[in-house]
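Accompanying notes for the structure given below.
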């Protein structure tokens, strides 16, 4: 083995240690930790398999039995990341319906099944003679099928949780994790494409794998930080480059402005103005719009529009509960909204019901 391959073995060992840490971890959600632990175990095996391939050890009787299983590892990655993200964001438990996610794994197993049932001697024979394609169902298309699946599941995971009603801090965390995994998928698909075109060297292979290790490392880092983020530690305190580091707003002054903002919202009720803008709210506290945005983001884990709309929705709920003389249209404008679409969208997001349904339940 050369030095590159030894470094990859170190990364594989490190991934296995992180996996053990997630499996044994008491902090955070146990099920989501297990999903990520399983992912890291498979990633570690992936790296070890690649080292065997690069060093030609895979082409020896001792290791050739492992040939063909790497594709099964690839296909599990997006499934595990989807289940991990779903559990963290929604807390949904694994059910019988989730068995449908095993179908892609079974499909790939079927594609490679002729190889799996060969003896080690036969595997070694077809490997050295370059005849593996003869023993794989859909051989000319299998790499593209796996690539399409990786891309589809990554997009599906992102769009499934992008609009979930979670705080801005959690949403940023989710974007970082899925963003890092997306970079991994792009690197893998690029690798498939370049290798199929025959333009890849072993050195290129190393570079791409280093990029993949980097992306998985970033994803693991944010997964390690997930409980701290969800317990209130701002993402800006975890990412090395800090969003609000040089705004000149001290923590003490920030807390004072938070109190002033809450008092303003309670007494003056500026949110009842349907044309209220961030600049208007900042002007009422005599601060810059940037500082106002920082206060809302840091102390309320949301953005300006969601912050203001939360007050408007509370007002609308009280009107629906206590004033039978007002129609829903009256409630829309009385609570500070200036159009029906924005009101219905915000109301459904904050309450999980339409205004009519909410009113009928309260009645």
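Even glycines carry a Cβ here, placed using N, Cα and C.
Curation plays no part in TrEMBL annotations; they are all automatic predictions.
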From 206-224, 225-243, which range did TrEMBL mark with transmembrane segment?
206-224
For the transmembrane segment (6-24), what are the same-chain contacts with Cβ under 8 Å, counting residues 6+ beyond its ends?
33-34, 36-41, 43-45, 47-48, 50-51, 209, 213, 216, 220, 223-224
If we skip the immediate neighbours and take only residues 6+ beyond the ends of the transmembrane segment (206-224), which ones have a Cβ under 8 Å from one of its Cβ atoms?
4, 8, 11, 15, 18, 22, 36, 40, 43, 47, 50, 54, 84, 173, 176-177, 180-181, 183-184, 187-188, 190-191, 238
